Each structure stands twice: as C-alpha cells, then as structure tokens.
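So the structure is just underneath, and the comments pick up after that.
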Amino acid sequence: MTQPPDTPVVSTGEISSEAPVQATAAANAPTASAGGGRSFLPANTLLRHLLVLVACAVGAVVLLEITDPFTNSQLAQLTYYAIAAGGLTVLTGLNGQISLGHGALMAVGAYTTALMLDADEPLPLPVVLLAAVALATVVGALVGVAAARLHGPYLAGATLALAVGLPGLAVYYGDLFGGEQGLRVRAPRAPESFESFIDLVSGNPPSATKWLAYVGTICLLITFFLLANLVRSRIGRTWRAVRDQEVAAELAGINLGAWRVLAFVVSAACAGLAGGVLALVVRLAAPSGFTLVLSLALLTAIVIGGLGSLVGVLLGSALLVFLPPFVTDLGADLGLNSTEAAQLAPFVYGLVLVVVMIFAPAGVVGTIRMRWLTARARRAARGAGS
Amino acid sequence: MTRSSRRLTRLLAAATVATTLAACGGGDDGGGGGGGGGGENEASDVGITEDTIKLGAHYPLTGVAAPGYSEIPTGVQAYFDHVNANGGVYDRQIEYVYRDDAYNPTNTSAVVNQLVLEDEVFAVVGGLGTPTHSAVLEFLNSERVPDLFVSSGSRLWGETPEDYPYTFGWQTDYVSEGKILGQYIAENLPDAKVGLFLQDDDLGADGESGLREYIDDQIVEVQSYVPGNTDVGPQIAALQAAGADVVVGFNVPSYTALSQLVSLRLGYQPQWFYSNVGSDPTLVGSLLANFSQGQVTDATLLDGAITTEYFPGTDSPDDPWVQMFQQIWDEQGQEGELTTFRLYGMAQAYTTVQALQAAGQNPTRDDLVAAIEQVGADWEGPLFAPFRYSEDSHMGTSGMRVVQVAGAAVEELTPVLTTDLGDAEIEESDREAATPPENGIPDEEAAD
C-alpha cells in the first residue's frame with residue numbers, strides 16, 4: 001500500500017487526525033502569556049488568571065459606565081451569547097465534539113430561571129441561576145453519555161434532534177411552560193448596594209437595563225475565569241489529547257468516553273447559565289427564542305472567533321450582537337427602506353462568515369496566532385542560521 | 001351624561017370645528033383637533049421636538065413570518081407620509097422607525113431596547129405578534145413608554161390595565177371572535193357536528209373558549225397543531241373520522257392552505273370556518289400555489305368558507321375607506337399593490353393619528369395614555385365597531401361581522417356584532433358606518 005509520505009494516515013473511527021490542528025489553532029494559545037521571559041505576570045496560573053480577572057472586571061465597569069443605556073443592553077446580550085459560546089468552544093475547540101443542541105440547553109436554563117422567579121417568594125438570584133446551571137448540567141450529562149459514543153456528523157445529528165425537539169416540549173406541556181407564548185420573567189430588582197455602587201462609580205442612573213448588564217457581566221467573568229483555569233489544567237490537557245489523537249490518548253490510559261462526557265457536561269453547565277441570563281435580559285422564555293438558529297449562531301460565533309479561544313468567543317459574540325443593527329442602520333443611511341435594510345443584515349452576516357472561512361479558516365484569533373508563531377519560527381530559524 | 005349623548009356632543013363639536021375650518025378656507029389641517037389653543041410647540045417629552053414626533057415598531061421583516069406581515073409597516077409608513085405631506089399632527093412631522101425581529105422574541109427584546117433607548121421613540125405602535133410582544137411588555141411598561149395598538153388578538157394587551165397601564169390592544173380579541181362565530185353556528189347550523197382545528201397557543205385556546213360559550217355541546221372533535229410542523233394530515237383525518245361536517249379553524253394563513261390541501265386529498269368537504277387571522281384569500285391563494293407546487297393555482301378552494309372581518313379589506317373595493325386608502329397608497333406608497341395587510345397598517349396608522357391628536361398639542365407620554373382612555377371609545381374610523389378603551393379596559397375593537405368568501409370578494413352574512421370577554425352578550429352594533437374625512441386625516445379634538 002503506497003501512501004504519499006505527507007498525507008496523514010486516517011485510521012478507522014476517526015474523521016481526520018490533521019484537521020483539528022489547524023482549525024483549533026486558537027485553542028492552544030496560552031490564556032495570558034505564560035512562561036514568556038518578558039512577561040510581568042506571575043508564573044502561577046491561578047494567580048495570573050486572578051489578576052486578569054480583576055483587570056477585566058475593572059475594564060467591564062468602565063465600559064458599562066461610559067456607554068449609553070442602549071449599548072448597555074447590547075452588552076447584556078453579548079454576555080449570554082459569550083457564556084454559551086464559551087462552553088461550546090471548550091467542547092468543540094478543546095475536545096473536538098460538535099454540538100448543534102446548545103440552544104436547547106440554554107432553553108433548559110431559561111425555563112428553570114423563569115419558573116423559579118415566578119414563585120410567590122422567589123429565591124435569591126444567585127440560587128436561581130445555580131439551579132439553572134444544575135438542571136442544564138443534568139440534561140447535558142444525559143446527552144453527553146449518548147454523545148460520547150458518537151462522532152462528527154453523527155453527534156451533530158443527535159444534538160440537532162435535541163435542538164429541534166426540546167423547545168417542542170414547552171409547547172406540549174403548555175400548562176406548565178406557557179406554550180408558544182412562553183413564560184414572562186420578572187427580573188428581580190437591583191439591591192440597594194448596587195445603586196450606591198453605581199452612584200459611587202459614575203453617578204449614572206442605576207436603571208434596570210444597567211443592572212441586568214451587570215448581572216450578565218458578573219456571570220460572564222466568573223464563567224470565563226473557571227473555564228480558563230480548566231483549560232490550563234490537567235483536564236484541559238487531557239481533552240486536547242482526546243481531540244488530537246484518540247489512539248495515543250487511549251494508550252496513555254485515558255478513558256475517552258468519560259472525558260467526552262465531562263466536556264459535554266461542562267459546556268452544558270455554561271449553556272444553562274447563559275439561558276438563565278438570557279431569560280433575565282430578554283424577560284421571556286419562549287420556544288421561538290430557542291430555535292435551531294440560536295444553536296447555529298453560537299457555532300458561527302466560535303468559528304469566526306477561533307475555535308477554543310475565549311477571546312475569540314468574545315469577538316464572535318460581539319459580531320452577533322453589534323453587526324445586525326450596524327448593518328441595518330448603514331442600509332437605512334444609504335437610502336434603503338427599513339424592510340430592505342433589515343434584509344441586508346443576514347446577508348452581510350453570511351458574507352462575513354464566508355470571508356472569514358476563506359481568509360482566516362482558523363478564526364480570527366487562531367489565524368493571528370498562527371501568523372505570529374510562523375513569524376517567530378522564521379526569526380528563530382534565521383537566528384540559528386547566522 | 002349618557003354614552004350616546006356624549007357621542008352626539010362630540011359629533012357636534014367635531015362638526016363645529018370642521019365648519020369653522022371650512023369657513024376659514026381651511027385646507028391646513030396642521031392644527032389637528034384644534035383644541036391646542038394656538039400655543040407654541042414644545043419638546044414636551046422624550047421623542048417629541050418642536051417639529052417632529054417619533055414612533056417605533058417591531059415587525060417580522062425577514063424569516064418565516066415575513067410574507068404578508070412585512071407589508072403592514074409599508075402601509076403604516078404610506079399613511080404617515082400622507083399625514084406629513086398635509087402638515088403633520090400639530091405641525092409635527094411623524095418619524096416612523098420600524099425594525100426587524102424575525103418573529104423571534106430574543107430579537108424583539110433587542111430591537112425594542114434600541115427603539116426606546118437609542119432611537120428614543122415617543123411611543124411604540126403596532127408591535128406584531130403574541131410571543132414576540134410578550135417579551136417587551138414588562139420593559140415598555142416599566143420604562144413608561146406607551147405601547148399602542150399591538151398587532152395581535154391576545155387578551156394580554158388590555159384585559160388588565162392595572163398591570164400594564166401603557167399597553168393597548170387594537171384588533172378584535174380571539175375570545176370575542178370565537179363567541180361571534182359560535183353564535184352564528186348555533187343559530188344557523190344547529191344540527192351540525194363541529195370539529196375544531198386550532199393552533200396550539202393563545203390563538204387556538206382563546207378562540208375555543210369563545211366558541212364553547214355557544215356550541216359546547218355541538219363540538220365533536222378538537223385537533224390542534226404546533227406551528228412549524230407542516231404535516232396536518234392526522235388532525236384533518238381525525239376530524240373526518242369524527243364525522244364533523246363543520247370545521248372551525250383558529251389558525252394562521254399557512255395552515256389554512258395546508259388544511260385545504262389535506263382535505264382535498266382526503267376527499268373531505270366540511271363547511272369551513274376560519275378566524276380572521278388565517279383567512280386572507282390573496283395570501284392563502286399564493287400559499288396554496290406554493291405548497292401544491294402549482295397544482296392549485298388560486299384560492300378557489302376557499303370559496304364558500306366563512307370567516308370574519310373587523311375592517312374593510314381589499315375584497316370590498318367599493319368601501320369608501322378602502323377607496324380613500326387606495327388613493328393614499330397610490331400617492332404615497334411604495335411599489336406593489338394595496339393588500340389587506342397594508343390596509344391593516346393604514347387603518348392602524350389612522351387610529352394612531354387620532355390618538356396623537358387627542359393627546360393635545362404638547363403631550364407627555366402619560367397624556368397620550370390618558371387621552372386614549374378618556375376618548376378612545378368614541379373614535380370613528382375604518383373599523384366597523386368602536387374600541388373598548390376606558391380606565392378599566394385597554395381592549396381594542398369589540399366586534400366584527402361574519403362573512404362568506406365568494407371568489408375575490410366576500411358576502412356579508414351578519415351585521416356588525418359586538419361583544420366582550422367573559423359572558424358579555426353579543427349585540428348588533430348600533431353605530432352607522434363612519435364616513436371617511438375628505439382629506440383622509442382624522443380630526444379629533446384634544447382631550448382635556
């Protein structure tokens with residue numbers, strides 16, 4: 001049997017051993033430049049991430065206070081997309097599994113939040129959101145067990161069924177879940193400490209929109225902090241091993257199935273939290289909000305940003321949130337009527353996706369990182385040669 | 001003062017204003033109701049300047065719900081353009097911003113945030129859809145933004161004004177429609193076995209509860225479908241098996257087309273009733289052609305089906321309101337024919353202008369709401385029956401007439417009937433059909 005020497009041997013049970021390396025280039029990026037001699041950051045991963053977390057929190061407060069209320073509401077939108085996509089990027093970028101069902105897992109979180117806040121004396125918000133996470137985790141574990149036995153397109157198909165089927169349950173059990181028109185969510189009021197905090201920081205009016213943006217941001221920061229640590233830990237390394245070379249991983253004593261289930265569970269927990277935040281921000285949990293379009297939007301966000309990268313997730317989510325209104329307004333400024341301008345938005349979004357796939361197949365972050373690595377390798381080669 | 005005498009006073013007052021205007025050679029309608037007292041225009045609230053007033057709306061302009069519904073805002077826009085060309089309301093030009101939510105509540109929430117926080121509209125007018133508008137109901141009311149004339153027949157928009165004081169309905173609610181259809185069946189087809197074909201949400205549930213007020217004992221089978229699932233074969237077959245010779249559908253237009261095609265295939269020919277929402281013959285005709293891949297070319301399948309109307313559609317081209325709106329559409333509209341959806345938008349815009357006139361020259365958002373509560377029930381316009389607006393109810397128009405589809409037109413089967421939620425009686429409307437104003441612009445005086 002002759003094989004061209006540079007073509008990777010594709011073994012059975014595996015789609016390809018080569019593809020993920022380039023496509024997930026962003027996943028291998030260090031979270032905050034670790035180990036580099038010029039870095040001022042501490043070498044301890046946890047300490048380094050804590051520092052970054054504090055810096056991001058300060059940055060987020062500044063961002064939320066210098067922008068207008070509408071941008072606040074857009075940032076609140078960004079947080080739930082980013083939380084869900086963060087979980088998905090760990091699943092897809094680090095563990096190599098694809099899920100089209102994350103919209104449905106978000107629905108689990110959203111409905112849990114809506115039902116619990118609907119009680120006569122609702123529990124505190126953190127408890128409600130934790131419950132949303134817990135329930136989505138349970139559903140994720142069930143799906144994950146099935147997912148561990150499937151690969152690539154088969155897994156996509158199974159999770160697709162979840163995305164299509166689960167929102168249907170809300171209609172079928174209409175008495176409990178409010179059917180097609182869904183459950184309206186009364187977001188709990190901001191505590192007084194929040195109002196005095198905003199007063200202290202900027203003196204802006206502490207509106208409900210701002211409060212929800214802060215809730216989303218806090219959830220986002222906590223999630224990303226935990227994910228970043230997880231990715232840099234033994235668990236993250238094991239996931240990457242499972243993704244890149246199944247056989248080698250198995251020979252090294254890694255139980256592929258168990259680790260796949262774990263990845264799915266972690267990512268489902270994120271989706272659950274995202275769903276909870278979505279219910280608060282949108283003030284509604286309804287089946288028409290959790291269609292397949294949502295799951296696909298999350299997938300495009302992580303692909304555009306760069307599979308496996310949390311920074312890429314932020315970029316991709318920002319594109320989801322800010323691009324459509326921007327394009328619509330641009331269209332209106334160019335003299336299109338509102339209907340034509342609205343139709344322009346999905347078109348431009350598709351165009352951006354196609355352009356990114358052609359010119360930056362590893363996503364924005366992945367491509368930048370590969371360029372940088374190539375340049376450094378060249379420099380090193382030149383240095384060695386002289 | 002009794003209701004009718006109050007109405008008489010209003011009529012006299014309006015007539016006086018009209019003659020005064022006419023005596024002044026008044027082609028200028030900029031004064032609106034004329035009750036402003038000639039003061040200066042002020043920027044009295046968010047969204048109002050000295051010479052503009054900004055209104056916003058959300059509609060599905062893309063996606064599955066866009067065919068038909070996306071035409072509504074073009075009708076609204078054309079009517080506002082007409083008003084603007086004639087001086088606007090109190091010399092203010094109406095700026096109308098409508099945004100796409102693709103019939104997805106998550107998007108609705110985002111675009112309404114944009115309308116309120118960025119575009120800073122004075123009021124939201126005619127937001128479309130029950131699940132979509134539910135998502136912004138709390139937000140609009142907590143921000144104290146008037147949420148006028150929601151394009152949906154759900155009871156949410158007006159049954160409980162104490163919970164949602166800024167929200168007003170507009171079209172006839174599905175419960176009242178069910179009651180009116182139920183009474184018609186009980187009186188004219190007392191021996192019929194009735195089957196129901198319902199959309200599995202408030203459209204179907206409210207319609208069914210209205211129907212059951214009158215024909216509870218005649219109903220032999222209830223079948224519902226989930227929007228999105230295009231196979232309605234089992235439901236229609238079950239209705240056929242139950243021996244229903246009358247089928248009442250509370251469904252959207254695409255399911256009217258689907259149910260017709262399936263029953264054609266099954267050889268099932270009951271007397272069809274469709275709710276107003278699902279019965280536009282033009283749209284159903286094009287859907288039929290589409291779904292049957294050209295084998296059924298028009299809406300002749302719908303011939304003989306019975307439905308309801310609460311405003312004159314394109315099927316009554318001789319109606320003076322339709323003629324007025326046709327003229328405005330020809331002058332101000334975009335490309336395309338005047339459709340019933342565009343008429344719907346124009347009729348809604350007409351009510352909006354009435355509300356803005358009644359709110360006075362320099363209104364706040366609360367003034368607008370108070371004005372509608374105070375005088376909205378007396379407004380006359382393209383709709384057959386009066387609105388139910390008061391401090392206790394924000395429900396829209398209260399009645400409709402039963403009609404039968406005959407080709408591209410409809411035949412009236414009953415006079416205009418009015419009713420209300422709950423066990424309110426069905427009565428014949430005593431109101432004469434209103435005559436449209438000469439220049440196509442209402443002339444309400446400011447409520448005090």
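Placed from the backbone N, Cα and C atoms, the Cβ positions cover glycine too.
Unlike curated records, TrEMBL annotations are generated automatically.
Features of the protein shown, as given by TrEMBL:
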- A:46-66: transmembrane segment (TRANSMEM)
- A:78-98: transmembrane segment (TRANSMEM)
- A:125-147: transmembrane segment (TRANSMEM)
- A:154-174: transmembrane segment (TRANSMEM)
- A:211-231: transmembrane segment (TRANSMEM)
- A:261-282: transmembrane segment (TRANSMEM)
- A:288-305: transmembrane segment (TRANSMEM)
- A:310-327: transmembrane segment (TRANSMEM)
- A:347-368: transmembrane segment (TRANSMEM)
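Proximity of distant same-chain residues to the transmembrane segment (A:46-66), defined by a Cβ-Cβ separation under 8 Å and at least 6 residues beyond the stretch ends, is recorded for 31-32, 34, 72, 75, 198, 201-202, 204, 210, 213-214, 217, 221, 224-225, 228-229, 232.
With Cβ pairs under 8 Å as the measure, the transmembrane segment (A:310-327) is packed most heavily against A:78-98, out of A:78-98, A:125-147, A:211-231, A:261-282, A:347-368. The listed stretches are A:125-147, A:211-231, A:261-282, A:347-368; of these, A:261-282 has the most Cβ pairs under 8 Å to the transmembrane segment (A:78-98). Most Cβ pairs under 8 A with the transmembrane segment (A:125-147) among the ranges A:211-231, A:261-282, A:347-368 are made by A:261-282.
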